[in-house]
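Q: The following block contains the structure, expressed as structure tokens.
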Amino acid sequence: MAKAKFERNKPHVNVGTIGHVDHGKTTLTAAISHVLAKTYGGEAKDFSQIDNAPEERERGITINTSHIEYDTPTRHYAHVDCPGHADYVKNMITGAAQMDGAILVVASTDGPMPQTREHILLSRQVGVPFIIVFMNKCDMVDDAELLELVEMEVRELLSEYDFPGDDLPVIQGSALKALEGEPEWEAKIIELAAALDSYIPEPERDIDKPFLMPIEDVFSISGRGTVVTGRVERGIVRVGDEVEIVGIRTTTKTTCTGVEMFRKLLDEGRAGENCGILLRGTKRDDVERGQVLSKPGSINPHTTFESEVYVLSKEEGGRHTPFFKGYRPQFYFRTTDVTGTIELPEGVEMVMPGDNIKMVVTLICPIAMDEGLRFAIREGGRTVGAGVVAKIIA
């Protein structure tokens with residue numbers, strides 16, 4: 001059976017379900033799949049297909065994730081659902097599944113629970129920009145006042161973590177009843193889909209963002225000058241553009257005088273392409289791997305930041321022992337390792353393999369970074385953790 005042709009005629013948006021264990025994330029995922037397939041066409045995925053999440057490896061970390069797709073009249077969605085809490089933590093920190101928005105599932109029979117809070121905090125730390133709430137199991141609550149109380153509680157919790165709790169959409173429904181085909185509850189799934197369409201703005205495509213290319217290699221070509229190679233992370237670079245070389249050393253400006261791909265000369269290099277960029281008047285020794293080439297003023301070098309980190313377990317090939325304050329591993333950003341020191345939160349003495357933890361990192365030399373940048377923590381080339389820049393300090 002040939003795979004269906006991927007049509008790019010609709011904007012593509014990445015979403016996912018988050019929330020406490022057993023609040024109905026996977027059931028909701030199945031319900032969305034069924035109701036939208038029934039209403040707008042497409043393939044419906046069963047609960048068992050979604051629940052049996054395949055194992056993936058991202059930066060050496062084992063994560064179980066289910067990916068499903070569905071359509072509304074105006075958009076195409078890719079949706080991730082994870083079976084276990086640890087999978088969410090790993091997924092969000094490594095950016096294995098970057099979300100343009102998340103659906104927070106809260107059982108109205110329980111109200112917000114510890115992982116509800118933790119997933120909201122993680123969403124804030126890793127930069128999930130929008131959250132929509134689906135209050136599940138509303139068929140099991142007869143008291144309208146109780147539903148109102150749970151909704152207020154969820155909204156307050158979201159506001160506590162700087163999400164617009166008073167303004168974001170909250171849909172009251174029942175994933176199970178919708179999955180069983182009861183029209184009044186199916187209507188709530190359509191309402192949820194409409195909220196996704198209207199509340200989550202269309203994500204800016206990588207190609208429309210300011211140009212950035214991590215430098216992987218530097219060559220000098222006699223008679224032509226210095227060429228840096230790498231994969232363009234975002235934006236477009238055109239011949240004649242002014243660019244900055246950022247990170248590790250003092251930021252310098254130069255001009256792109258040529259773009260090459262597969263030995264062919266081009267006018268421009270675009271997001272996702274591997275290319276060589278010829279720099280005017282730049283010496284071979286002025287640039288090194290680990291720096292980035294970027295649109296002037298679009299990114300700055302920093303050394304100190306707050307991060308959210310997942311420490312690999314022993315089974316994942318991580319450390320066998322905890323680490324303490326004063327730990328000095330390497331932090332791998334894009335293409336290079338930089339040594340740094342860590343500061344643990346107050347009251348935390350040690351960090352065990354398998355933990356996730358907030359820490360302040362100070363690097364020995366500056367790296368071009370924005371909030372949301374992912375990194376690995378390594379010891380002698382072996383990955384022992386994964387992290388994300390949550391807040392830049394200096």
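Cβ atoms are placed via backbone N, Cα and C, with glycine included.
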Q: In Swiss-Prot, one of 45-48, 81-84, 117-120 is tagged region 'G3'. Which stretch would that be?
A: 81-84
Q: Quick one: sort out which of 40-44, 60-64, 75-79, 255-259 is the region 'G2' according to Swiss-Prot.
A: 60-64
Q: Give the range, chosen from 136-139, 232-235, 296-299, 304-307, that Swiss-Prot lists as region 'G4'.
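A: It is 136-139 that Swiss-Prot describes as region 'G4'.
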Q: Pick from 19-26, 267-274, 315-322: which stretch is listed in Swiss-Prot under region 'G1'?
A: 19-26
Q: Could you tell me the mean pLDDT the prediction assigns to the region 'G3' (81-84)?
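A: Value for the region 'G3' (81-84), mean pLDDT as a whole number: 88.
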Q: Among the binding-site residues listed here, Lys25, His85, whose Cβ has the fewest other Cβ atoms inside 10 Å?
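A: Lowest Cβ count within 10 Å among the binding-site residues (Lys25, His85) is His85.
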Q: Residue counts in helix (H, G, I), strand (E, B) and coil for the region 'G1' (19-26), per DSSP?
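A: With helix first, then strand, then coil, the region 'G1' (19-26) has 2 helix, 1 strand, 5 coil.
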Q: Let me check the 10 A CB neighbour count of Gly19 (GTP binding site). How many other CB atoms are there?
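A: That number is 27.
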